[in-house]
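Asker: Feature table excerpt (Swiss-Prot):
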ACT_SITE  Asp150  active site
BINDING   Glu75, Glu100, Asp127, Asp150  S-adenosyl-L-methionine binding site
BINDING   Lys154, Asp186, Thr223, His224, Phe225, Glu226  substrate binding site
REGION    156-161  region 'Interaction with RNA'
Amino acid sequence: MTDPFTSDGAKMPPKPFTIEEGRRQVRSFVLRQGRFTPAQQRTFDALWPRFGLDYLGAPRDLAATFGRDAHKVLEIGFGNGAALRFAAQQDPSRDYIGIEVHAPGVGRLLNALEEDGSTHVRLYHHDAVEVLEHEIADGALDEVRIYFPDPWHKKRHNKRRLIQPAFAQLLVRKLREGGRLHAATDWADYAEQMWDVLDATPGLVNRAGPRGHVERPTWRPQTHFETRGQKLGHGVWDLLYDRDSGIGNRESQEQLPSASG
């Protein structure tokens, strides 16, 4: 079957969403929504009722959404969906929620989920901050994954990065105690910012210790881009944080469950 989601099509103007932090607002990320071609729109319309979650702005009963009680894993900014699809294939005992603002990426994953016959994946085509603030109950998530968020590498654009103190505090609220946050980046400067923000966030404990990172976990597949970058000597930083009561010490880390999956 030909995948109609091979082109971004015409671009729509970026539309920022923000989260309050003190007196200023912090962007979560910029909406980069490509317009669908007619073929893409038909495919989207056919598959969205099966796999899509329309943003309603009200708390959602996730157990009812999936028809079962299971661990809930959220991936923010899933791109083309490769990591989310891989995780869902490898561990069908968990329920997966993906959020992505780029329309063709959502469409490609919809096609993949139909091909796999998935029943335990649901997708939002909306801003992550609004979904987290209004649709996900506090303590409802077992894990949050954020892989290779836009680095906004120009210094004047750093304020647009997703990982900011207010956003980290929001994630802590949504994770259950004992839950996990997994972030990955291939930009050294962004890794430094992630450490600055996440290591200082009450309720998060760095699995590798302060300013530490881990080897790529088995549940995150290595991308072609990542492989090419490593051949050129580029680094990749995987950061794992456990959600606890806010006591960030080595003893509390060692008592937490292992990071095997």
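Each residue, glycine too, has its Cβ placed from N, Cα and C.
Show me how these features fit into the shown structure, please.
Answerer: DSSP classifies Asp150 (active site) as coil under the three-state reduction.
Around the Cβ of Glu100 (S-adenosyl-L-methionine binding site), the number of neighbouring Cβ atoms within 10 Å comes to 26.
In the three-state DSSP assignment, the secondary structure recorded for Thr223 (substrate binding site) is coil.
When pLDDT is averaged over the region 'Interaction with RNA' (156-161), the result is 87.
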Asker: Mind telling me which of the recorded positions Glu75, Asp150 has the densest Cβ neighbourhood, counting other Cβ atoms within 10 Å?
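Answerer: Highest number of other Cβ atoms within 10 Å: Glu75.
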Asker: Specify the count of other C-beta atoms within 10 Å of the C-beta of Asp186 (substrate binding site).
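Answerer: I get 18 for this one.
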Asker: So how many of the residues in the region 'Interaction with RNA' (156-161) end up helix, strand or coil by DSSP?
Answerer: 5 helix, 0 strand, 1 coil
Asker: I want to verify one value. Collapsing DSSP to three states, which class is Asp127 (S-adenosyl-L-methionine binding site)?
Answerer: coil
